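These notes concern the structure reproduced below.
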Amino acid sequence: MGKKLTEAQIEAFHRDGFVSPIDIFSEEEAARLRAELEAAEAKWPEAFVGAARNNAHLNLTCLDEIVHNTALVDAAEDLVGPDILNYGTVLFIKEPHDPGFVSWHQDARYMGLEPHVGVTAWVALSEANDESGCMRMIPGSHDRIRDHNDSYGKDNILTRGQEVQDVNESSAVSTPLRPGQASFHSSRVIHSSQPNNSDDRRIGFVIQPYMPPSVVQTITPTYAQLVRGEDPHDNFIRAGRPSRDMDPEDVVLRDKVNQTWADILYHGARQRRDF
């Protein structure tokens, strides 16, 4: 038995490359976090456009709260060990009846992190199901990195529209989540999501990834937060936590981190997009 996960859940993660669902927040807590997030969105709409949705935990306290939530970090510890860095976050919001989708891909293919031992936490702040475009996983596909093609599709919300070809979708498993639940997946597992065909926003907040401090960034120096334990390796520039929403210094840090992310995610790409 781990700190948060059962032995069966830990075994499922290592076998399939993901585990879901995991109860993290109560429905009331999830509703509060969503309300705080949407209040911030109404007050600072510029912080929710394009690349600004990346690493918003550095300038929004409600998202910082999620990153450091004890239950979520306990689950991460069960998978990566007691010393944990947060490399960064992405806020995925699909509006009602939005055609945006995520193609089949592997996170590790473009992140420049070695070795591929990080785990991505996907936290639902609204209902995530097949209608609203929850994540779908290919069990066991975390055995190796596949070749990807860059499509730059208009409705593909990945940076390059990157996609793995010839995925056997008959083996795909949906990972529906209620508000307050989370899933964890390996940075190597093949996953995707469909458009939101529901009448509500599909709001997912992604920690990508939680990782041990032994991981290195192979493309360019960048930032990470120490979430738990110790960091004897010092492979990343240390990022702090926000004391209030949209502090100007925190916004500058977020933009600086996002610039390094763009350099990493678009490394070798034929074009760049603003997300």
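Using the three backbone atoms N, Cα and C, a Cβ is placed for every residue, glycine included.
If you look up TrEMBL, you'll see 165-174, 183-197 marked as compositional bias 'Polar residues'. The region 'Disordered' annotation in TrEMBL covers 165-201.
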Within the compositional bias 'Polar residues' (183-197), residues counted as helix, strand or coil by DSSP: 0 helix, 8 strand, 7 coil
DSSP-assigned states of the compositional bias 'Polar residues' (165-174) in counts, ordered helix, strand, coil: 3 helix, 2 strand, 5 coil
